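Colleague: One structure coming up, written as structure tokens, with questions to follow.
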Amino acid sequence: MKPVKIGLLGLGTVGGGTVNVLQRNSEEIARRAGRPIEVVHAAVRSLGRERICDTQGILLTEDPFEVVRNPELDLVVELIGGCGLAKELVLEAISLGKHVVTANKALIAECGNEIFAAAEKKGVSIFYEAGVAGGIPIIKALREGLSANRIEWLAGIINGTGNFILSEMRDKGREFSDVLKEAQELGYAEADPTFDVEGIDAAHKLTILASIAYGIPLKFDKVYTEGISKITPQDVIYAGELGYVIKHLGIARRSQAGIEMRVHPTLVPASNMLGKVDGVMNAVMVNGDAVGNTFYYGPGAGAEPTASAVLADVIDLVRSLEGLAAHRVAHTGFAADQLGEDNLLSIDQISSAYYLRIEVLDRAGVMASVASILGELDISIEAIIQKEPREGETRIPLILLTHVVEEQRLNQAIERIEALKPVSGSVVRIRMDHLD
Ligand SMILES: NC(=O)c1ccc[n+]([C@@H]2O[C@H](COP(=O)([O-])OP(=O)(O)OC[C@H]3O[C@@H](n4cnc5c(N)ncnc54)[C@H](O)[C@@H]3O)[C@@H](O)[C@H]2O)c1
Ligand SMILES: N[C@@H](CCO)C(=O)O
Ligand code: NA
């Protein structure tokens with residue numbers, strides 16, 4: 001049977017992994033897709049470079065537009081990354097009537113509204129399963145598997161590099177920069193690793209998840225974003241003593257007031273499934289009104305796990321070209337003219353429980369002053385511990401867990417606590433979620 005010919009833009013970690021998996025599983029994939037699939041043309045930055053895959057039989061070029069414009073190709077796979085050249089290539093592919101598969105969450109989160117509109121006009125599809133949580137089929141789960149539900153909330157560990165760094169630091173006491181370097185060597189990190197560390201990559205992914213969960217346009221600039229770079233080993237230890245682990249979560253939640261989209265370190269009960277997700281693994285918990293809580297777990301980054309998702313999208317598209325799938329699902333799973341503009345909440349409009357660490361001078365009455373500020377603002381305390389002074393220090397850490405309160409009110413309390421004479425420095429504040 002005549003193979004379906006596809007083109008790849010980029011042959012790095014994910015591009016190389018995609019070629020390898022497609023070559024290794026070609027027979028099984030052909031049985032599933034209804035036709036063999038072959039990479040015949042690929043764009044690379046430099047022809048002379050060593051690669052992780054065998055490129056025999058693939059025409060290589062340094063001009064990615066050559067691949068996009070190749071009339072023999074039915075679909076192209078964009079694996080270069082970023083929003084510059086990648087966007088030009090994807091829009092050109094669409095204008096030429098080609099379907100596109102991409103792993104580029106930055107592109108979808110930041111330019112997806114424009115790209116989806118162009119694709120719909122042209123009658124082609126843009127698939128992006130690999131862009132969120134790597135190998136976990138979370139887009140399909142939300143868009144297809146849970147489509148009868150009203151999604152109440154979802155919370156996920158959606159950056160492999162960040163979770164790998166946090167796990168290695170906590171379990172092995174390793175240095176932040178040392179673990180980040182390893183994540184880069186393993187092919188987990190973004191081209192600019194501050195995207196991983198400062199939560200930008202997770203915010204890209206959360207933008208996409210919120211859009212397909214709630215049927216809203218992609219609004220990356222509305223995601224509240226905090227990274228992991230300020231988490232101290234001390235807070236990891238104190239959280240552990242209280243029965244929590246600190247995880248970097250992306251959370252989307254729907255309430256009467258509107259929709260929350262936020263990415264930040266979060267105290268999660270150690271007994272919760274998300275608390276047990278370590279290393280490069282990702283996981284997303286989704287609560288739907290009919291199904292209840294569901295949980296999706298798997299590798300969030302790396303060559304072959306990501307290739308697994310890229311190729312699943314390629315296979316889906318080939319199935320629909322072959323008439324094996326009745327129709328292609330809409331880009332967000334909501335009909336294009338049905339996207340709502342729900343009220344997106346700012347971070348001070350959300351409510352959460354909080355972990356607070358307050359550094360105070362070891363004097364009588366300090367704890368009472370802090371408690372009275374919280375009491376006056378009607379913020380109730382779930383737990384409080386006062387630690388011994390650290391060696392050579394006159395200050396002691398006061399650790400507090402609050403019940404759920406509006407962030408705005410907590411900010412007022414923090415401002416008043418920081419103004420107390422025996423309190424030094426800023427109060428450390430980490431949000432806490434019981435995920436129920
Ligand atoms: N690495 C992962 O685990 C992972 C997981 C999910 C999604 N992604 C996404 O997949 C995409 C690719 O990531 P990667 O990790 O494979 O990156 P990478 O840097 O390993 O690969 C990108 C490749 O694109 C090539 N490239 C750059 N400019 C080019 C040009 N003008 N013409 C041709 N080739 C060009 C580079 O030489 C490089 O080999 C990114 O959007 C990334 O966010 C990566
Ligand atoms: N840099 C990303 C790749 C997967 O999207 C991560 O570490 O999760
Ligand atoms: Na995925």
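Glycine too: its Cβ is placed from the backbone N, Cα and C atoms.
Curation plays no part in TrEMBL annotations; they are all automatic predictions.
Copied straight from TrEMBL:
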- Leu9, Gly10, Leu11, Gly12, Thr13, Val14, Gly15, Gly16: NADP(+) binding site (BINDING)
- Lys105: NADPH binding site (BINDING)
- Glu190: L-homoserine binding site (BINDING)
- Lys205: active site, proton donor (ACT_SITE)
- 355-432: domain 'ACT' (DOMAIN)
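Map these features onto the structure and tell me what's around them.
Modeller: For Gly10 (NADP(+) binding site), the same-chain residues that are 6 or more apart in sequence and have a Cβ closer than 8 Å to its Cβ are Ala43, Val44, Glu78, Leu79, Ile80, Gly81.
DSSP gives Lys105 (NADPH binding site) a helix state. Here the Cβ of Lys105 (NADPH binding site) has 27 other Cβ atoms within 10 Å, regardless of which shown protein chain they belong to.
Cβ neighbours within 10 Å of Glu190 (L-homoserine binding site), excluding its own Cβ and spanning all shown chains: 21.
Lys205 (active site, proton donor) carries a helical DSSP state (H, G or I).
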Colleague: How do the residues of the domain 'ACT' (355-432) split into helix, strand and coil according to DSSP?
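Modeller: Grouping H, G, I as helix and E, B as strand yields 23 helix, 29 strand, 26 coil.
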Colleague: Under DSSP, is Leu9 (NADP(+) binding site) part of a helix or a strand, or is it coil?
Modeller: strand
Colleague: So what pLDDT does the domain 'ACT' (355-432) average out to?
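Modeller: Its mean pLDDT is 93.
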Colleague: Using C-alpha atoms only, work out the spacing between Lys205 (active site, proton donor) and Leu9 (NADP(+) binding site) and round it to an integer in Å.
Modeller: 21
Colleague: Here are some binding-site residues: Leu11, Val14. Which one has the most Cβ atoms within 10 Å of its Cβ?
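Modeller: Answer by Cβ density within 10 Å: Val14.
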